[in-house]
Amino acid sequence: MTNLRELYVCSICGNVIEVVNTGASALVCCNKPMDKLVAGSKDASLEKHVPVLESVAGGIKVKVGSVAHPMEEKHYIRFIEVLTTGQVLRAELVPNQAPEASFLVNANDVVEVREYCTVHGLWQASK
């Protein structure tokens with residue numbers, strides 16, 4: 001059974017979905033069940049994947065890793081998400097863009113920050 005805010009990926013086409021309505025027994029893409037993304041489940045360097053949150057004027061800035069993550073054509077951060085109690089804020093990134101994003105949200109309202117690497121999967125930092 002799916003749960004709110006879970007992320008799933010298609011092992012065939014790479015499609016990533018986020019659950020916004022709970023209850024489906026299975027999610028299917030390309031005629032195959034999708035795989036649930038579990039944060040930190042792939043072997044990779046923590047310093048390049050764990051999101052780092054910084055308070056800035058008017059909101060927060062999220063950088064991916066304490067060491068900048070590569071943003072190459074086949075290996076990059078696809079998105080950064082900020083989760084609060086009642087919101088999901090997402091910045092979609094592309095190759096050659098800096099692996100960071102700013103969000104207009106109070107840092108005290110942030111519950112979790114997560115990012116998706118096209119090679120190493122989902123990573124998160126909880127507050």
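Numbering starts at 1 and runs along the chain as it is shown here.
Every residue, even glycine, has its Cβ placed from backbone N, Cα and C.
Look at TrEMBL and you will find Cys10, Cys13, Cys29, Cys30, Cys117, His120 tagged as Fe cation 1 binding site. The annotation Fe cation 2 binding site is assigned in TrEMBL to His49, His69, His75. Annotation comment: TrEMBL describes 3-37 as domain 'Desulfoferrodoxin N-terminal'. The domain 'Desulfoferrodoxin ferrous iron-binding' feature in TrEMBL is assigned to 42-125.
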Rounded Cα-Cα span from Cys10 (Fe cation 1 binding site) to His69 (Fe cation 2 binding site), Å: 23
Task: Using DSSP, tally how many residues of the domain 'Desulfoferrodoxin N-terminal' (3-37) sit in helix, strand and coil.
output: 0 helix, 12 strand, 23 coil
Statement: Counting every protein chain shown, other Cβ atoms within 10 Å of the Cβ of Cys117 (Fe cation 1 binding site) number 22
- line: Between the binding-site residues Cys10, Cys30, the one whose Cβ has the fewest other Cβ atoms within 10 Å is Cys30
Query: For His75 (Fe cation 2 binding site), which of these binding-site residues sit within 10 Å, Cα to Cα: Cys10, Cys13, Cys29, Cys117, His120?
result: Cys117, His120
